[in-house]
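**Student:** Below are the structure tokens for one structure; questions will follow.
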Amino acid sequence: MEKRWLNSMLSKGELEYRCRLSKSINSLGPIESEGSIINNMNKNIPSHSDSYNSSYSTVDDLVGIRNFVSDDTFLVRDSNSSSYSIYLDIENQIFEIDNDPSFVSELESSFYSFRNSTYQNNISKNDDSHYDRYMYDTKYSWNNHINSCIDSYLRTQICIDSYILSGSHNYSDSYIYSYICGEGGNSSESESFSIRTSTHGNNLTITESSNDLDNDRTTNYSDFWVICENCHKFNYKRLFKSKMNICEECGYHLKMNSSDRIELLIDPGTWEPMDEDMVSVDPIEWDSEVDPIQWKSQVDPIEGDSEVDLIEGDSEEYKDSSYKDRISSSQIETGLPEAIQTGTGKLNGIPVAIGVMEFEFMGGSMGSVVGEKITRLIDYASNQFLPLILVCASGGARMQEGSLSLMQMAKISSALYDYKYQSNKKLFYVAILTSPTTGGVTASFAMLGDIIIAEPNAYIAFAGKRIIEETLKMEVPEGSQKTEPLFEKGLLDLIVPRNPLKDVVSELFQLHAFVPSNQNSIK
């Protein structure tokens with residue numbers, strides 16, 4: 001029998017004590033059965049002033065606990081080790097249990113059983129120092145008691161893994177009871193609340209709707225949680241960066257911004273950015289069109305795919321905004337002037353030139369400025385005899401710049417040819433492909449590396465699956481545009497997870513006679 005301990009501070013007046021519960025992993029019955037499970041506790045209850053380790057043989061004392069949860073987000077696990085997300089906001093009347101009917105059904109059954117149990121009728125309340133004789137006198141007090149009952153249920157039926165507290169501790173009407181037991185949830189006679197959860201990318205959103213259509217509220221919890229695109233488990237955002245944006249549950253590599261990638265690859269204090277003052281304009285006067293094209297994504301339509309389309313690409317706000325406005329919006333959102341960061345630094349002491357694309361900036365689309373910055377970086381690396389790294393994360397050529405964006409493919413490829421062959425300097429270019437790498441980027445510099453490295457399960461393609469199927473009227477096998485099958489076909493040299501990536505690239509450089517600068521000075 002596995003025991004799970006729950007320690008919490010309980011207070012009433014100036015008295016403070018700790019209650020400890022043990023729970024069988026196999027029990028998911030009514031809450032009144034918990035008395036038989038607590039089998040290793042002391043029979044005598046010590047005085048509150050003498051000990052903090054008070055033990056109980058009934059659940060009655062536990063029900064008197066007020067304000068256990070008021071505005072919290074919980075990641076919980078039941079006795080079957082199934083994970084659920086529970087959000088409670090009593091002030092705003094929101095209660096959500098992960099959209100799982102079976103779990104809500106279990107909660108409803110146990111709550112009814114608990115409410116009608118003999119514990120309320122047969123146990124003497126006069127002997128309980130924590131019993132409030134006004135608890136059942138009014139409807140409002142009864143609602144408070146219901147909230148306490150549910151609190152007790154949650155404390156005894158689930159194992160709390162992690163939580164976020166907001167500091168509010170005020171109960172209101174028993175909308176939690178209504179949500180669980182279905183009373184009043186859809187009533188037309190009283191105010192009705194419904195809760196919807198939605199996930200897009202890595203964002204968690206909970207929407208509350210009332211009978212008043214103008215009174216919908218949406219709360220975004222992406223500041224706290226990151227949802228894995230593969231297993232849909234929650235990752236705590238505060239610790240996610242230290243995990244290199246890798247899901248702790250399944251090891252899936254989620255998207256990583258350019259600044260974090262620079263921090264991952266470049267030694268601290270050695271990063272020197274280049275050409276930060278270069279920004280895009282509207283070279284073909286895209287916004288002056290009389291009848292502008294309604295765009296679905298910010299990449300060339302031939303390259304578009306559901307995995308590449310931007311999250312904001314479907315919103316009316318972005319459809320109606322101009323190209324310059326979208327650039328300004330991306331600059332504010334990312335803090336970057338363009339969809340790539342270029343510069344120099346040291347990788348394990350080895351001087352390198354590096355460019356890292358930023359997918360959150362208009363889908364990492366390649367326009368004139370992106371092409372110019374990459375070309376200048378290549379020229380600088382050639383003149384300084386530096387190895388070159390380009391980290392690709394792009395939806396392809398930027399359609400708002402028309403043929404000028406397509407020209408960047410030839411421009412960069414030509415610069416790489418001079419860098420690797422024409423100069424006879426035997427320089428070394430490593431291409432690192434991340435998800436997604438598509439379109440014009442795939443058709444140019446992404447596939448021209450001396451060594452081509454890809455992250456696990458990255459989406460790498462020229463035309464997207466949907467476009468191929470609609471154009472050629474043939475089915476594209478699921479997963480055929482991922483890293484692993486491309487590696488098996490010989491299109492990639494290495495598949496390297498983020499954890500050892502820096503050391504792997506460092507060893508490749510040393511094999512090609514690029515050594516740390518301090519060793520070079522000694523020689």
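The backbone N, Cα and C atoms fix where each Cβ goes, and this holds for glycine too.
As annotated by Swiss-Prot, Zn(2+) binding site applies to CYS228, CYS231, CYS247, CYS250. Marked as domain 'CoA carboxyltransferase N-terminal' by Swiss-Prot: 224-523. Summarising the annotation, Swiss-Prot assigns zinc finger to 228-250 and lists sequence analysis as the type of evidence.
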**Student:** Return the average pLDDT for the domain 'CoA carboxyltransferase N-terminal' (224-523) as a whole number.
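**Tutor:** Residues in the domain 'CoA carboxyltransferase N-terminal' (224-523) carry a mean pLDDT of 87 in this prediction.
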**Student:** If you take the centroid of the Cβ atoms of CYS228, CYS231, CYS247, CYS250, the listed Zn(2+) site, which other residues of that chain have their Cβ within 8 Å of it?
**Tutor:** GLU229, ASN230, HIS232, LYS233, ASN235, GLU248, GLU249, GLY251, TYR252
**Student:** Of CYS231, CYS247, CYS250, which of the binding-site residues has the most Cβ neighbours inside 10 Å?
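**Tutor:** The residue with the densest Cβ neighbourhood is CYS247.
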**Student:** Over the span of the zinc finger (228-250), count residues by DSSP class, listing helix, strand and coil in order.
**Tutor:** 7 helix, 4 strand, 12 coil
